[in-house]
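The active site, charge relay system annotation in TrEMBL covers 145, 220, 551. Residues or ranges marked as domain 'Inhibitor I9' in TrEMBL: 28-108. Annotation source TrEMBL lists domain 'Peptidase S8/S53' at 137-587. According to TrEMBL, the feature domain 'Subtilisin-like protease fibronectin type-III' maps to 666-761. Residues or ranges marked as signal peptide in TrEMBL: 1-21.
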């Protein structure tokens, strides 16, 4: 290793050079050069990057002007402003793995942790994960997001010890943020904007409310950070809703903040990769990344999140990513690299309801999060089609923009119906508000994700209730309605269910790797918020807010990962993932099979929830884990068809690839997915005993319909000298037809532990015959 030449991986992100005085042909590129040579000092790596640029651009000064970031801690590479010709020249440079354009990625409580039974005294008795991990003490969670509001009560450091001596990070000063904003809870804060400004020009903070620092002007980063590791905050609520003690999953874990996303909602590849590089250097244990880009998915060697997370995982950092919010459609899951933990969103057993009383004394109930003022007396209600504007469609009942007559709407509640062309209740609210209406009843396909409305009441009902209200409005000359106050309803909903918006599998890039991996609460989650911007002119600012998305489920898993790392500091990221996946629940709290919010609702399957809904207390003691080493990921990259030199650069070792068609299927992930089963096929897995030294596990199979499954051996015996065992799983299609995906499971049981993995199989016909 020591006599090998230094390898640099350069990702050149092509960004418009706005504000940099560059011609329109110059763009940001990332030059990715792979794993660092272990004996090279970071400053020597930086000098080599500048030397490469100077050789291409003609002078040291030109290189200084062009370079944005030198990645020199977790991996090698740089981001620079280049022409296409210069980028092409660098792509042929020795040691360069890839040169890619800069991309813009998107951002994707009082009850959720109790719902998962993460509390100091678990109802089952014994030591739960919270007490067993000492509340996540000294685990360090890095959060890539919009920054943090450090004054939030969720980030107090009461009762937390000194900063771990291994920590190498720092608090970088900026606008309204300095070292005094960090404490024993927030131990690091950095911000990365060079890639954003190279793309869009210097940010005008007069027009856009933002801080040139790690301070959060949006709220998203504060919400995710407090969900993962917030301190206990009594009497927290969102304007009276969801009141109780707010807390994160790992209340004594430390937070390191990496601001990569800005108030416009944009996060650029160059900035994200710089944050990964910094986090690896600083010494985080877990990285929480609630962002990504929608399909089509780039190749892993072109995907900054995949690259940054790869180098983090190789160094023992668990990387947790959101699955995306493009559900309920199949093949929409993102962040599908096998080394990351990809998180779907589920519901909890809490909702917010208000009573609707009509003028004929009929009463109904709808969902709402409106907690502002509204008339205590009855209001007139009108149907959207009856008050449409002259230029609106005659059958426009959905309250699309500009569809209402302000003269007829003023002072009235409007009944709107969701349509295929207009599905969003927020659009209806804005349309009614602009027409000077005083409230909205929105009839729709109802899910548990409640829309926010801050200026006028919005109550969401299903089509049946909406139709009944419509019948009333057409049966009387003066229809009236009165709204009750929103109330928090707890424990009266079946949960968890997979959220409607949560992106589904299979992965469109690597369908043989099951994604998402796991599900966690992501619907109507209360957590800290940035009070710097008013939610509306009527409501003002808040310190806590309810929000939904896989952005919310991701930090739940990050918090659990931090607890597991505190309990098992020597576990690899693969072991942490396996512990959660193999102990997850596929049934709700009443014992019914989990349901997926779709149109219509359906029984959920692994493409909806991965291994299931996370059970943190069981994950603390999984019995067996499906572990992996970096070499396993290298074989996976080989199976993707990437060339030997590129992979060798990524991992700093000579890696002759052997392109086996089964290499992806044999990757030791805690699931088995066979996208194309033709006749017979056998795959292997290896489990490591992390439970009692002397243990015996028997296999129990629930075969996917239409497939025979056998396990050999079906009994695994561990002792003081044997703690890793390999087994084979053979699949045989029963039917010679082109099939759809079917689902089953393989569970290893020892009388105490149940170690379950999903089985996902689609049968295929060997060949098609066409009659002449």
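Glycine is no exception: its Cβ is also placed from the backbone N, Cα and C atoms.
Computed from a predicted structure; not experimentally measured.
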Integer Å distance between the CA atoms belonging to residue 551 (active site, charge relay system) and residue 220 (active site, charge relay system): 8
Residue 145 (active site, charge relay system) and residue 551 (active site, charge relay system), Cα-Cα, nearest whole angstrom: 10
Cβ neighbours within the same chain of residue 145 (active site, charge relay system) - under 8 Å, at least six residues apart: 107, 216, 220, 221, 224, 225, 257, 258, 259, 260, 261, 288, 290, 291
Surrounding CB atoms that lie within 10 Å of the CB of residue 220 (active site, charge relay system), all protein chains: 26
Confidence summary for the domain 'Inhibitor I9' (28-108), mean pLDDT rounded: 93
Residue counts (helix, strand, coil, in that order) that DSSP gives for the domain 'Subtilisin-like protease fibronectin type-III' (666-761): 0 helix, 61 strand, 35 coil
Secondary structure composition of the domain 'Inhibitor I9' (28-108) [DSSP: H/G/I, E/B, coil]: 31 helix, 28 strand, 22 coil
